[in-house]
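Here's what Swiss-Prot has on this protein:
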BINDING   Asp304, Leu305, Asp332, Gly333, Asn370  S-adenosyl-L-methionine binding site
Amino acid sequence: MLNFFYVKYKSLFKIIAILTFNILCYCRTVHSISKNDYTISNNLKLYPYSFVNFRPSPEMSQILKKKKLDSSSSEDFIPTKRITTLEELKNYERLEERTKVTITKDKIPLFAKNDMFRNTVRNPLNSIDYYKNDESDIRTYILKRWDLLPSPLRDLITNESIDHSTVTHKIKYEDITTEEAFKLVVNDDIGVMVGFETVGHIAHLNVPEERSSIKKLIAKIIIDKHKHIKTVINKRSEVQNQFRTMDIELLAGEENYIANLVIFVILMSFSFQMKQSLLVDMFAGAGPFAIYASKKGCSVLANDLNPIGATYMKRNIEINKVHDLVKVFNMDGREFLIDVIKKNKILDKKTLECDGMALKASGKVHLIMNLPKIAIEFLGNLVMKHRFSDTLIGLADNIEEENMRKLLVHCYCFSASEEYEKEIEQRLYKSIGRKLPEYTITHVRGVSPKKQMYCIEFECPISILRGNKE
């Protein structure tokens, strides 16, 4: 019955969920971040992840905090000259023709009834400047676009206003939109396309080489036009070392890299059987997946090689009061599989405890590998060779087959190939040395115009878990 109502009124449920954040599935978590490391720490408000499938919900991807700016709201603005310095940007001025409308105070209800203010004050394409003198019965409005007003409203202004005329209006830098400001500094033939992501008060850019000369102008615009942004940084290199850190530079604002971000769960897919499950997070970072899953009652074993990331994960777990459900490890992933998962017989239904944390006998084990650059290649460690022989070692070769828990693998990866399914299949075969009987590949998001992120999901075959040759 509940499923019937959900399917029938799915769109309505989404709208209600978006409008009432903390009524529906409110979740507040806190995430911290290291300055030197850029393992970004947040005071987290978790965005919608489907923890049935452990990946971002495609239907809700538009809610993620990513800003893509274009010139769609300022198509009529063409700058006469490009700005190249911060001083020029700060002192920018131009003159534009605007429409001045003057009415008497007693006419305000009439104009309001005919949607004058809905078509001006509330319309970003037709902004309004309002001049009011409390000692006078006169009200003056400067309209940006007379031609955008509905014809009946234009007729009303013509007939009922004291005056409507064209005036020259001074426009300053603080008056223009973000898109117009970008048009002043970006000079190319592909339009204004400046993207950035936000984490709390931090805006994170990936400025391409061709725009490096104007990166500080871009940062200045972002920090001026988005009042919640206090710090703008640029990633100067790819994530490159074993700790997955990156080289960043401060472009504008405060040198404060500790971000606080509260994320509300707006809409999510959740199975109540999830409370019986165990999440094994191989590359947990500062703990976003681990904390979210534990908030839903899931037991979690979370590992990260980076000691700073593991430290912040422990701190976030304490802040979010889920320490009874999350165990943190700071180990190499291969050692984690052998010394924690295998030696503790985590895949054995008879194992009901790990380091003081209770495990459910009936629960499945979800292995999440969110390190897209190398996760596929790391899958090969599910089957390892004995160091002194060619014998294969499986994670569950020390467990009776009838007592084995199911292991569901969620492996994230990148691909730049148009035939990504074929390319991923080849990489899977090369990594684990056999064909998987069944798996799914789901598109997660676009990383760049030529690179996409995918999630590979499959139930790990018993032959792999027991270390059997194909």
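Cβ from N, Cα, C; glycine included.
Here the structure is a predicted model, which means the values were calculated and not measured.
Spatially close to Gly333 (S-adenosyl-L-methionine binding site) yet at least six residues away along the chain are Met282, Phe283, Asn303, Leu305, Phe378, Asn381, judged by Cβ distances under 8 angstroms.
In the structure as shown, the Cβ atom of Asp304 (S-adenosyl-L-methionine binding site) sits within 10 Å of 29 other Cβ atoms. In this view, Asn370 (S-adenosyl-L-methionine binding site) is surrounded by 20 other Cβ atoms within 10 Å of its Cβ, with every protein chain counted.
Cβ neighbours within 10 Å of Asp332 (S-adenosyl-L-methionine binding site), excluding its own Cβ and spanning all shown chains: 12.
Under DSSP, Gly333 (S-adenosyl-L-methionine binding site) is assigned to a helix (H, G or I) in the three-state scheme. All chains included, 20 other C-beta atoms sit within 10 angstroms of the C-beta of Leu305 (S-adenosyl-L-methionine binding site).
Binding of S-adenosyl-L-methionine is attributed in the record to Asp304, Leu305, Asp332, Gly333, Asn370, and the widest Cα separation among these residues amounts to 15 Å.
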